[in-house]
Structures are given as structure tokens and as C-alpha cells.
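As annotated by Swiss-Prot, region 'Disordered' applies to 1-22. The compositional bias 'Polar residues' annotation in Swiss-Prot covers 1-12. Marked as transmembrane segment by Swiss-Prot: 64-84, 98-118, 423-443, 465-485, 504-524, 559-579, 580-600.
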């Protein structure tokens with residue numbers, strides 16, 4: 001007998017297995033755990049100051065908010081000096097309001113990045129007794145690794161899980177772990193393929209009784225409902241659960257240290273890692289993973305520095321205390337119709353906020369490496385996923401006022417909402433920039449305008465206008481600069497990124513490509529916001545993992561309208577003034593060239609050619625961890641197998 005049990009009955013509090021599972025589930029005996037639905041209109045913050053909160057957390061947050069306010073106040077004062085000489089019109093007043101909000105947005109990111117840079121360079125920020133340089137701790141409790149999936153290629157999915165399983169086994173502590181494949185697949189042929197590949201995996205690694213599989217008959221509430229179903233049925237057996245994504249890979253060493261961190265800190269409810277993006281092959285995927293590897297730590301260490309014990313949850317590559325999650329993270333259905341009503345889409349932010357309300361500490365450990373994920377292969381795939389995130393984040397407008405939330409939890413949600421509203425705000429800023437001269441404000445259309453933004457905005461404050469531009473660009477680009485400096489101070493990682501020169505070329509090329517794609521992102525994010533506000537639901541589709549091929553008809557359908565709009569905006573700007581057209585050139589060019597830029601960055605051969613030249617290299621490519629090598633081997637072997645889907 002291999003220890004595997006297929007359930008035939010359940011307690012009366014849980015529906016019969018036949019109603020819960022499709023196909024042929026292979027599951028352990030149930031250990032039910034109550035997970036009540038939370039009330040957003042009632043509740044109070046249980047613990048105001050956490051034991052594990054870093055010292056001086058109040059001053060850290062004062063620095064962030066005070067620094068943001070001070071920098072924004074100076075920038076607004078200088079902008080006023082540019083606009084004030086002839087009085088401020090209605091359009092200029094709108095411009096000033098937008099500028100204030102947008103500068104505050106980038107100033108806060110800058111202040112956080114500076115804190116992150118100092119933390120990275122000082123090799124500080126370690127917490128919860130989790131030290132990757134110490135000997136591997138011995139575990140005392142049992143942990144479940146959960147891998148939710150939805151219409152994914154099962155061979156690819158379980159290749160990653162096998163690599164994780166083998167890595168955990170190499171730590172010598174496999175007996176403390178069980179693995180669950182939690183399928184929400186709706187396509188019957190993929191479901192049957194999952195069962196076959198799962199059975200092959202168990203045979204291959206002798207995982208019977210340790211690796212389990214089930215497919216929900218009703219995938220209500222998407223991923224959040226998938227995990228909640230497991231918690232309610234099996235959570236009572238496991239003090240911790242580690243949530244993976246379909247493309248997640250983690251080392252056994254990192255997993256063991258996360259579990260030990262939970263065991264040694266009984267008041268901690270969640271520990272979030274910083275997943276490094278790997279395995280990119282297209283130009284777009286490679287520039288994204290390079291940026292995440294070089295700038296990502298600066299940003300992540302910064303937010304972890306001021307988040308303290310009120311960190312956020314990103315939905316995967318994180319370990320969670322099961323009973324804390326069950327007690328406080330049962331999500332209610334929001335009132336109203338979609339897209340704002342119904343099930344909570346971006347569930348991770350809300351679950352973290354509710355757990356913190358319940359008195360549990362939430363931490364992020366960006367210094368703990370060995371946590372990986374994959375990025376979308378093309379800008380189109382990123383924007384499809386981003387549209388779903390847009391709806392989920394805007395839906396938080398119904399949650400942010402919930403009773404008893406910690407103010408930092410509310411701030412997380414407001415930042416998430418603001419992330420999507422900045423896109424239409426930048427667009428409005430650009431349109432007002434053309435609207436002011438068209439309205440005859442502060443410009444002589446018949447006059448000779450030299451190339452000077454200050455002459456465009458009133459001739460008397462040229463120095464201040466240029467100063468605003470330089471400062472804005474510096475604040476925008478500072479995280480990249482700080483990331484490069486931190487890389488220079490780490491010789492080992494610098495070599496792995498191709499050396500100082502190639503890393504600098506990579507950063508420059510990434511900045512240029514990102515600038516060209518920024519108008520595309522701005523346009524489509526703005527459209528996404530308006531679609532959500534108009535009541536259009538995003539749906540739920542499986543993600544593209546590998547192939548970055550895009551057909552020209554698909555590109556024309558997706559970006560043809562944006563190309564025409566960019567050409568039209570360029571013509572209008574040139575009609576107003578060649579100087580204005582030149583000043584708006586980066587935005588206009590990005591829109592007008594959206595089709596070739598997206599096509600170029602979607603090519604695998606372009607990305608791999610740059611890799612051979614040492615551009616966009618990351619340490620995980622020069623010296624890949626064993627778990628990534630193994631996952632890649634298994635996925636390559638899976639490609640050679642007959643297709644099951």
C-alpha cells in the first residue's frame with residue numbers, strides 16, 4: 001500500500017467529493033479547517049505594533065512620506081514659477097494638478113529606492129532569523145507546497161514541480177513536506193492529461209503518498225477559491241503552506257529556511273520572497289528579467305525597509321501560516337455587478353490586509369535567493385495579464401475602506417489603484433500640453449519658436465522649466481542608476497551580468513526600449529481603466545509561457561489604432577510648432593512605431609543573439625542553480641514527448 005487515499009466520504013460540513021472534484025483525484029484523508037468569510041464592514045486591528053517590526057519603523061515611514069512631500073512641494077513651487085507670470089488658466093491649473101500628483105508618485109518611488117540602495121549596499125535588512133549563510137536548520141513541523149494550475153501544459157507544469165521535489169529531497173528533510181497539484185482546469189482533455197502526467201511523476205520520483213492531485217469540479221473564485229478549497233478540506237494537517245505559481249521554481253534550501261522562519265516566529269503569518277525572473281528567450285522577456293535582476297532588488301529592499309511587519313503578499317513564492325490564513329483571509333463576494341462586484345480578483349493584497357488586521361505580522365525577505373518565476377514572452381502577453389490585474393486593483397476601491405485595516409495595508413491598495421490611474425494621467429498631461437497652445441494660451445502660433453520647452457510654457461522662466469525637466473528625468477531614472485551602482489559594488493554579480501561595460505550597454509538599451517514601449521503601455525493601460533469603469537470584465541485565460549511568436553495580422557489588430565493615433569498626434573503637434581513636435585517626439589515615436597517595436601521585442605532569435613553578445617545577461621545564466629538546470633532539462637525532455645493537449 002503506497003499511502004495514497006482516494007476519498008469517498010467527507011464530514012457533513014463539506015460537500016461530497018463527487019461535488020468537489022472532477023476526474024480522478026488522489027488525496028490524503030481530509031483534515032478540515034474552518035475558513036469563515038470575513039466581514040469588511042466590521043472588525044478592528046488586533047495588534048498595532050508587531051514584535052517583529054524593525055526598530056525605528058515610524059521614522060522610516062516618516063522619511064518616505066516626508067521626503068515625498070518635500071520633493072513634491074519644491075517641484076510644484078518651481079512649476080508655479082513657470083506658469084505664474086501671465087496668470088494660470090483653467091488648462092494650466094489642470095496641468096499643475098496632474099503634475100503634482102505624478103511627481104509625488106515618482107518621488108515616493110525615488111525615496112523608497114534610495115532606502116533600498118542603502119540597504120543593499122550595507123547588506124542589511126535581514127530579519128526573522130533567516131540567514132542564508134547559516135547551516136540549514138532542522139525542521140519540526142509539516143508543510144504543504146501548493147501548485148495551483150489553470151489550463152496549463154501539464155508536462156511543463158509538473159517538470160517544474162519535479163525539480164522542486166528533488167531539490168527538497170536533497171536537503172534531507174523531505175519527510176516534512178507534502179505536495180499538492182490544485183487544478184482549476186476547465187478543458188477536459190487537459191484535465192485527463194494532468195492525471196496521466198501526475199501519475200508518471202509519482203512513479204518517477206516514488207512520490208506516491210507525498211504528491212497529491214485534485215481538479216475542482218467548480219472553479220468558483222478562481223485561484224483564491226482554489227486555495228481556500230484546499231484550506232477548508234486539508235489545512236488542519238499543515239501548520240504552513242507554501243504557495244507556488246504554475247511557473248514557480250524554488251530551491252529546497254530556500255523552502256526549508258522559510259519553514260524554519262515560520263517555526264521560530266509564531267506571530268508571523270506570511271513571509272514573501274522576491275522571485276527572480278528567469279528563462280527569458282525573447283528580447284522582451286530578456287530585457288524584463290535583466291531589469292528585474294538589476295533594479296528589482298533596489299525596489300524590493302526599499303519597500304521591505306518601510307513595510308516592516310506590514311508587508312504585502314504577491315500571490316506566490318510565499319509561505320503562509322495556515323490557520324492564520326483560515327481564520328482571517330476568507331474573502332467575501334463584493335456587492336454589485338462585475339467588474340467591481342463579485343469575487344475578489346487581486347486576492348493577495350486583500351488576504352494580506354485581512355491577516356494583518358487579525359494580528360499577524362507580514363514580512364518580505366528580498367535577500368533570500370533561490371526563488372524564481374518566469375515572465376511573459378511579449379509585451380502583448382504582459383498587457384493581457386495586466387488588464388486582469390487592472391480590474392483586480394481597481395476593485396480594491398471597494399475594500400480599501402474596510403474596518404480595522406492597518407493604514408499601511410490601505411496604502412498598499414491605494415498604490416495598486418494609483419499604478420493604473422497614472423497611465424491616463426500621463427496621457428492627459430500630454431493632451432493638455434497640446435491643448436494649451438491650441439487654446440492660444442502663452443504662445444504665439446505665428447511666431448518663431450526655437451526648441452525650448454520654456455518658450456512653449458512662457459518665455460520668462462526658461463531655466464526653471466529646464467530644471468523641472470532634468471529633475472523629473474533624474475527621479476524617474478534614479479532606480480536604474482542606483483541598481484547599476486549597486487551592481488558595480490558586487491564584483492561577483494557584475495561578472496555574471498557581463499561586466500561593467502556590457503551591463504551599462506544593457507541598461508541603456510533597456511531604457512531606450514522601455515521608453516519606446518511606454519506610450520504603448522500608457523495607451524493600453526488607460527484603455528483598460530476606462531473599460532473597467534465602463535463595466536467590461538477581463539475574463540480568465542491561461543497564460544502564455546514560452547512562445548513569443550506574434551503574427552502581423554494580430555499586431556495590426558492590437559496596435560494599428562495606436563499607430564494611427566500617434567501619427568495624428570505628431571501631425572497636430574507639428575502644426576502647432578515644430579518645437580513642440582520635437583519635444584513630444586519620444587511619445588509620438590513610441591506610438592507610431594508600436595507595431596515594429598512589439599514585433600522586434602517578441603523575437604526569440606533577437607533575444608538569444610543579444611545573449612550571445614553578453615547583453616541582458618543575469619547571474620542565473622552564467623552560474624545557474626541546480627534546481628533551474630534540472631527544471632530546464634525536464635522541460636526540454638517534455639517537449640520531445642508526444643503532445644497531450
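Using the three backbone atoms N, Cα and C, a Cβ is placed for every residue, glycine included.
Here the transmembrane segment (580-600) has long-range neighbours at 283, 378-380, 430, 433-434, 437, 449, 451, 453, 456, 513, 515-520, 523, 550, 552, 555-556, 558-560, 562-563, 565-567, 569-570, 573-574, 606, meaning same-chain residues at least 6 beyond its ends whose C-beta is under 8 angstroms from one of its own. If one looks beyond the transmembrane segment (64-84) by at least 6 residues along the same chain, the residues whose Cβ comes under 8 Å of a Cβ in the stretch are 92, 95-96, 99-100, 103-104, 107-108, 110-112, 115, 306, 454, 457-458, 461, 464-465, 467-468, 471-472, 475. Within the same chain, residues 283, 287, 290-291, 294, 379, 383, 386-387, 423, 426-427, 477, 480, 483-484, 497-498, 559, 562, 565-566, 586-591, 593-594, 597-598, 601, 615-617 sit at least 6 positions outside the transmembrane segment (504-524) and bring their C-beta atoms closer than 8 Å to a C-beta of that stretch.
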